[in-house]
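Data block below; observations after.
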Amino acid sequence: MKGKTMIDRKEDNQFHLVSKYEPSGDQPQAIETLVDNIKGGEKAQILKGATGTGKTYTMSQVIQRVNKPTLVIAHNKTLAGQLYGEFKEFFPDNAVEYFVSYYDYYQPEAYVPSSDTYIEKDSSVNDEIDKLRHSATSALLERNDVIVVASVSCIYGLGSPKEYADSAVSLRPGQEISRDKLLNDLVDIQFERNDIDFQRGKFRVRGDVVEIFPASRDENAFRVEFFGDEIDRICEIESLTGRNLGEVEHLVLFPATHFMTNEEHMEEAIKNIMEEMEVQVNQFEAEGKLIEAQRIRQRTEYDVEMLREMGYTNGIENYSRHMDGRKEGEPPFTLLDFFPEDFLIMIDESHMTMGQIKGMYNGDQARKKMLVDYGFRLPSALDNRPLRREEFESHVHQIVYVSATPGDYEMEQTETVVEQIIRPTGLLDPEVEVRPTMGQMDDLLGEINARTEKGERVFVTTLTKKMAEDLTDYLKEMGVKVKYMHSDIKTLERTEIIRDLRLGVFDVLIGINLLREGIDVPEVSLVAILDADKEGFLRNERGLIQTIGRAARNSDGHVIMYADKITESMQKAMDETARRREIQMAYNKEHGITPQTIKKEIRDLISITKTNEAEVAEDTVNYSAMNKKERQEAIKKLQKQMHEAAELLDFELAAQIRDMVLELKSMD
């Protein structure tokens, strides 16, 4: 973060990687080259790592060696969750943080003129993710050894890091401050007093003792004990039991919201909001749009009244330009502004992620412009937005794009491509062959039977939903245990299907897009690509290389493309696979390595998910029949399950259990 703050930032913390592995294959040269280039000041480079070569481990080694705060961006929440789990295992002693959109459900504010329908913003904020977002921003302001794993939501407006840091309340034993002054300070930074329901972002008061629950935690809180108008001592406590966990020499409490502004700035912001409203009202009236003029006046005056009274209003982010003191068109503050100037960015699956970063701005502006044109929002709401790609680029000090198939954009940014082709397991890229489409069903059935007899699994990728369904029906008739995975299947269900495939509940998985995250199955020895010669997103060079990679985790990996001609994309994908395979075979021969299928533990699919969903449903039925004591027991049990789900990053289930807890509490 740029600018001075009152926080003692620990600059000398070192990253410490914990792993039972040593770099092997071509990981050592990849790590060495990336590190040397970063230390030599190179701005951008690409880590072009084949599937299964241990790219995350290489990234971790680089982070440890360059020792800079690092932002890792993934293209969706699920992938970000997987990376967060891996980095947390590699760096147990450092701050590994998770920053994704905190909406479980999010319907953005919108207006549809054709049907005169205004859709109000409707969202449910996931409390666990909100905690993790606060944990990320506070860690960045307090220490140097921080890795933040984020989705593309990190380029959305977040509020000024300077206001956030300057609003922080700093407390030490011996400090002269009255209890009432502390209570006022806490309310100013959006903490709520609640002496009964003690949770994140709240505080309670008992005589000369104030207990405070920071927004970035969900288990331990802090107890501040006063002697007169002086802090006597500060202790960390267990929030549920109140048990003392030890004394604290310094406590920094960051605001309970990222959108902070001081009183002086608030007055200035309100003045500017009202001026902008008058201009907009006059413009609407001049155009004869009296409904729009009345609408924008009514809405703005209500919001301003809330800001004056509470310091906050729903949709406060739409006034962020005024709150931050930005000029029209200036980019908003984002998570990137919370980092120090010299930080490292790593873009995972960059061929997907960079496309997302490019597309965010236009989609956001189109929706908001409609709200402005019809008097639901002031024009300044257009400046509460994601960064444009060039604005994102201006934040880049040093960046590493990570992908098996880097996109054109990344290749234009740098000529430095560091390859990682050798797998630690000695596994080779699979053999690829092309077969004609005539008689492909019978041919495929024969191949499937040959694989399933050996206890191996098969992926089949089609181009259309109809073909996938027809093929599934045909294979079922032929006695094959098969499932079709379509795009409507939710993330959790997808994980369950993959687990069942690995366990042998069924043998063949058919899908249109088998490049989705988490679909890495070592038991798959055959990937069949139907209509391989139909050019398009999933049949271009990158799509084919990624699909071929799905067979690269098995020592008998084989790929069959069914096609009547060999397209340029097919040829390039086959040439690249053959090139890698040759390098891998030469390495194995030189080092006497025999390829070994990856031994990947089949984790008990978020073990609490199925049983708990059943239990939760059962509890729901019995709520009304419970007495008070039974309900208290049920609440404790559910809260434990909720924390377990959250720790496993199963936020959907955690939110579901949280709703059950709230329902139970409301019965008392």
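Each Cβ is built from the backbone N, Cα and C atoms, and glycine gets one as well.
The ATP binding site annotation in Swiss-Prot covers GLY49, ALA50, THR51, GLY52, THR53, GLY54, LYS55, THR56. Take the CB of ALA50 (ATP binding site) and look out to 10 A: across all protein chains shown you find 25 other CB atoms.
Swiss-Prot lists 36-276 with the feature domain 'Helicase ATP-binding', giving sequence analysis as the kind of evidence.
Under the heading domain 'Helicase C-terminal', Swiss-Prot lists 440-606.
As annotated by Swiss-Prot, domain 'UVR' applies to 632-667, with the evidence given as sequence analysis.
Marked as motif 'Beta-hairpin' by Swiss-Prot: 102-125.
Averaged across the domain 'UVR' (632-667), the predicted model reaches a pLDDT of 73. Residues THR58, ALA404, GLN420, ARG423 surround the recorded ATP site, their Cβ atoms falling within 8 Å of the Cβ centroid of GLY49, ALA50, THR51, GLY52, THR53, GLY54, LYS55, THR56, which are themselves excluded. A helical conformation is recorded for LYS55 (ATP binding site) in the three-state DSSP classification. Cβ packing within 10 Å was compared across the binding-site residues GLY49, GLY52, GLY54, and the lowest neighbour count falls to GLY52.
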